[in-house]
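Here the structure comes first, spelled out in structure tokens, and everything after it is commentary.
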Amino acid sequence: MKSSKLNPVTTHKEFNGISGALGITIGLPTLTVLFYLLCNQTYSIHGINVDFAKIKSQLPITQDELWQLVFDKTCWSAYLAWFFILVILDYLLPGKSLNGVKLRDGTVLNYKINGLSMSSLLIVLLLARLFQSNSDSSLEYYLPELQFIYDNQLQLIIICFLFSFMLAVFVYIISFIPLAKPNGIGTKERILSINGNTGNPFYDWFIGRELNPRIGSWDIKLFCELRPGMLLWLLINLSCLHYQYHNLGYVTDSMIVVNLLQAFYIFDGVLNEEGCLTMIDITTDGFGFMLSFGDLAWVPWTYSLQARYLSIKGNEVNLGWTLSLLIVGLQALGFYIFRSANKQKSDFRQGKLPHLKSIQTKTGSKLLVEGWWGLSQHINYLGDWLIGLSWCLPTGFQTPLTYFYVIYFASLLIHRQVRDEMKCRAKYGEDWEKYEKLVPYKIIPYVY
């Protein structure tokens, strides 16, 4: 593998290297399909007892059945239309122009932030279709598009996986094509991820070789982070609500709570997309299969598990006003911790909170040790986790399956914390040891 000043060779492989990358590449898509097989109109798990015969009965037996499942023309057409219409809208819709962080070649990338116009258009189109459908159909509040999503979930899950696989191959290939114009140091090298330049094709494809793959000014990574998967998650949830209404004749309060809480989270992310420009996904990680699959398949199909579970006959949960308000309050608390902690750190970095105690490091930066950030090193992670817990609680306690998200998310946050700690320990040295004595807790104050 050729090393350069701009793109040094990656020597440390994350996720236990190639074996871990292979395990994730096979395991997570399999898990996504398994979650569907465990929770759908044909079979829904109760408790921890799995009926393997019913799972097996849902799988294709013949080659023709497998072909029809994987290459359903209608589903492929629908998904490709969804993805590329969003691409066109992302390019055409107005938005403010913001610069990202400074890159290794001294340049900065410009991003168009148009989450507000994109979200507004989606809401208007949904309401317009609902009004039109009511005029054309004898069924009240019936949307064939939402019914299509609900009826073809397994096909769409497989399509999302295959598309994310192909997208990862595409960005890996273009990472080897020289830039049309010189970069900030006068060469035509693309800026590669510090984690994705090992020289092993499979690992670099998985972790992401190029830092910011673009077609012209259109940024593939930021688009996938907040557009196709996040907005599809919203539509999947609505399809579950839609299905429950047309089968029960009403919508349960638990379904309403899940839809409202997750819709708030989705729109909060899309409307505050400028915050992504300083996140590790954008600034440090390359865009490969890990992010492609996570954004396009994992997020919409595993994060919507609670709504799908509640839509199934016999799984209805009636919370009542008290429990509903308590769960909403839990998400509000999580958001308050998450947002206020992040704002405090941002304000401190901008010099707006000079009275807060900090450690002056030898690198020239400061480590905050007061306020939210005196409670734990990643107090914002706690807020984020509480938000996820509020999504799971409306499903009751009939099966641990609907609590997978908070278990998975906890492991993800701990992995991020350990990863961040290793980098900070290497960067700050003795100053980090002083910091750990003043802020000993990692995420949860007095616990971890």
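Every residue, even glycine, has its Cβ placed from backbone N, Cα and C.
Listed in Swiss-Prot:
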type	residues	note
BINDING	Lys345, Arg349, Leu368, Trp373, Asn380, Tyr381, Asp420, Cys424, Arg425, Ala426, Lys427, Tyr428, Tyr435	NADP(+) binding site
TRANSMEM	18-38	transmembrane segment
TRANSMEM	75-95	transmembrane segment
TRANSMEM	108-128	transmembrane segment
TRANSMEM	157-177	transmembrane segment
TRANSMEM	251-271	transmembrane segment
TRANSMEM	279-299	transmembrane segment
TRANSMEM	318-338	transmembrane segment
TRANSMEM	394-414	transmembrane segment
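Binding-site extent for NADP(+): residues Lys345, Arg349, Leu368, Trp373, Asn380, Tyr381, Asp420, Cys424, Arg425, Ala426, Lys427, Tyr428, Tyr435, maximum pairwise Cα distance 23 Å (rounded to the nearest whole number).
DSSP assigns Asp420 (NADP(+) binding site) to a helix. In the shown protein chains, 20 other C-beta atoms lie within 10 A of the C-beta of Tyr435 (NADP(+) binding site). Counting Cβ pairs under 8 Å to the transmembrane segment (279-299), the stretch among 18-38, 75-95, 108-128, 157-177, 251-271 with the most such contacts is 157-177.
Per-stretch counts of Cβ pairs under 8 Å to the transmembrane segment (18-38) identify 157-177 as the leading one among 75-95, 108-128, 157-177. Remote same-chain residues near the transmembrane segment (157-177) are listed as 29, 32-33, 36, 69-70, 72, 75-76, 79-80, 83, 190, 192, 201, 204-206, 208-210, 213, 220, 224, 229, 232, 287-289, 292-293, 295-297, 300-301 (criterion: CB distance under 8 Å, separation of at least six residues from the stretch ends). Neighbour counts of Cβ atoms within 10 Å were compared for the binding-site residues Lys345, Arg425, Lys427, and the top value is held by Lys345. Arg425 (NADP(+) binding site) falls within a helical segment according to DSSP. In the structure as shown, the Cβ atom of Asp420 (NADP(+) binding site) sits within 10 Å of 14 other Cβ atoms.
In sequence order, Ile337, Phe338, Ala341, Asn342, Lys345, Trp372 are the residues of the chain that are 6 or more apart from Asn380 (NADP(+) binding site) and have a CB within less than 8 Å of its CB. Every protein chain considered, the tally of other Cβ atoms within 10 Å of the Cβ of Leu368 (NADP(+) binding site) stands at 20.
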